[in-house]
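S.K.: The following feature annotations were taken from TrEMBL:
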type	residues	note
SIGNAL	1-20	signal peptide
DOMAIN	53-235	domain 'Aminopeptidase N-like N-terminal'
DOMAIN	270-474	domain 'Peptidase M1 membrane alanine aminopeptidase'
BINDING	342, 346, 365	Zn(2+) binding site
ACT_SITE	343	active site, proton acceptor
SITE	427	site 'Transition state stabilizer'
DOMAIN	591-910	domain 'ERAP1-like C-terminal'
């Protein structure tokens, strides 16, 4: 064997197309050096396309005592270009054997590694010929990961204190390569046949059902699983554990099973019933049968994200799957249902049809987030899921309003960049623009279009353009699928062009032209409306929180505007394609409200007397507008203060109507806009003004708080609102709340924690109880022994909001060590403590002191690292704190996170906070003074 690849083979390799654009000659000059010191025959992060996998035969043997694993994989390859080198992925594993299996016989392969790119090069001394298929065999060994990615170790304690160990996988986005050598990019789809060796005391589950189990020497068993459908590597999954399961069957005969640790199996019934209903719904909605014989849902004790859509074996945090009818809250039920709906939607969007590359991740995640609300609204109408969709759009806008935001479809190359786009833009903005599109083309047309998309591209990879094409010319005779019942019925019943007459008369509906403005540029528009008689003048600009106005230049959207007026509740529509335009009303009106129900992803500013007319309407007859409309007005007016479009006193005057508000979305949005004002003051040592602002908010909602019963009665929305209001009243020391919570906590503690508390009030009760050392210690002991995941979550939040700083430090240390509290819970603990006026400095110090451990455990670029960075710092409001934050993050290297987008977001957020405080504090002081004197005058 030669010491280095023959020149001919290198030339052949470099002449082949790469996964990205063909490299230019300048890039070829760089020769990478493998870990053995030899030249590495590929110099791109993306794999070449000279070969592609057809099938993996994968055998895995994890050892749950020594915490390592060995394996053998045989990969069947299709050769697309003559080559002597196969480049694929492997990360942190030892390759113990490498063979080429060809018709001519078995030949050894030379192995080179380039760890920075997680790449292996397999060098053959014979040419692999275009058009032929070959097999490579690779033996490998590695340690079970102690992070939450790849093939990793998890553990739990039984009620008797025994430790149980299991091994589970999490491969999205780029971690399959840490479990077995593979072509770890989404476009390299293949089939997988998996075998797992285990001890008899364990079970093994994977994407497909078990075909047979074979007894091996030494008392071990080997489970053989059926071959999968064609899929991407990030969807492969397997678990070796002592879990138990419960099962049911869908209407079409798909077996649904929920797996959990034995002592929590009694908390799986709700998830099982929910999954059956949702899979039935999706089969009907998409009009495409679920292609696998089974769908497992597994609750993993250690799990970083909320859940993962592995095909046929979805995995979840325990809190995202386990439900106790007596102990879990309505919020828990809603969250669990939405998570299951999200992962099962992925079985079609993401698994059946997959994005070509991670730049279009939103095609997976935006769709799954959007389908949560479409599906749950049908399968669980009692949850009123629509009440909570608006909050997702507001969360997306928070990130999307910063200069560091990114387009929904954005360039990414390396693993850290890929991890970073698993964010609010890909998920929540993606869902919100899909909701806007659905309203735009009509729900019926939208459904037909996505069915066409899924059918056309099943088992393939797509880019955004393919979706837009599927939603265009739905009833064209050339494209009509006469075998599709829904499609033919839709077009038969339709007597107008596809969507165009609804929006913009005289124009063909060009879905791609419209949606490209929403997916290929970052940010979102602010639409300014000025009413002059019957004339409505419209203009658009980018909404951006910045002190550099030039950053808003050059942006233009095609905006599907909707509006209602004082004269008509009929929704009228107008497609704004230009920077400015004018529309004419049938008659003069007292007020106009644009973006009806906030179905569009944009904000609205009412110039002239527009905001005064809205304020007058809200103060005298607020229910004329829907609760979503009212929530969007509260959101927009306060956000417009930040960019100098509206005076703060105008926003505060509008907020006065909230004293008569009762709907969940509008009330919670009021809190979302008002509470941060005093949270910024907490960081500036201005107790007098801070307390006046707190008093104003308590006074505003006092009537609503007083009307809350300390019970579990009412609808889901009413119960979610009750929990929120009672917690706020308790945290803000509103006497009736504190007295009742204290009384209930003392009685609960006296009963040894056995007294049954109304679920909706437990957050308030636990938070008040955690204020004393004795109460905190009692909660901590109950947390340690409880098997109820939802109860533990509420206890965790309550303890993190204690004023006892030594207890807060103890919580963070416990979480970091994974003792009592799981490491996966550390980000929540850290961010909750950072919201605590007694703990925000502790949280910042802890983040800095343990930074290197945190990025190793949670991985650079992941959403949880961003959550910690932003969550700990985003309420800072002084130049001193900004300097301190910049000093720390500025000291990092690229390897320790200096290039992460969340760091730039943090700088921008703190800068915006400083500008806001400097510009508006005098106005806030003056408005509170004015209101105070007005209230005194009324009392006299």
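Note that Cβ sites are derived from N, Cα and C of the backbone, with glycine treated the same way.
TrEMBL entries are annotated by machine, without manual review.
If you look at the structure here, what lies around each of the features I listed?
M.R.: Around residue 365 (Zn(2+) binding site), the same-chain residues at least 6 positions away in sequence with a Cβ under 8 Å from its Cβ are 350, 422, 426, 427, 430.
In sequence order, 297, 307, 308, 309, 314, 316, 368 are the residues of the chain that are 6 or more apart from residue 343 (active site, proton acceptor) and have a CB within less than 8 Å of its CB.
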S.K.: Can you give me the residues near the recorded Zn(2+) site, meaning same chain, not 342, 346, 365 themselves, Cβ no more than 8 Å from the center of the site's Cβ atoms?
M.R.: 309, 343, 345, 349, 350, 364, 367, 368, 369, 371, 427
S.K.: Once near-sequence residues are set aside, which residues in the chain of residue 342 (Zn(2+) binding site), 6 or more away, have Cβ atoms under 8 Å from its Cβ?
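M.R.: Result: 307, 309, 368, 369, 371, 372.
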S.K.: Taking the domain 'ERAP1-like C-terminal' (591-910) alone, what is its mean pLDDT?
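M.R.: Here the mean pLDDT over the domain 'ERAP1-like C-terminal' (591-910) amounts to 95.
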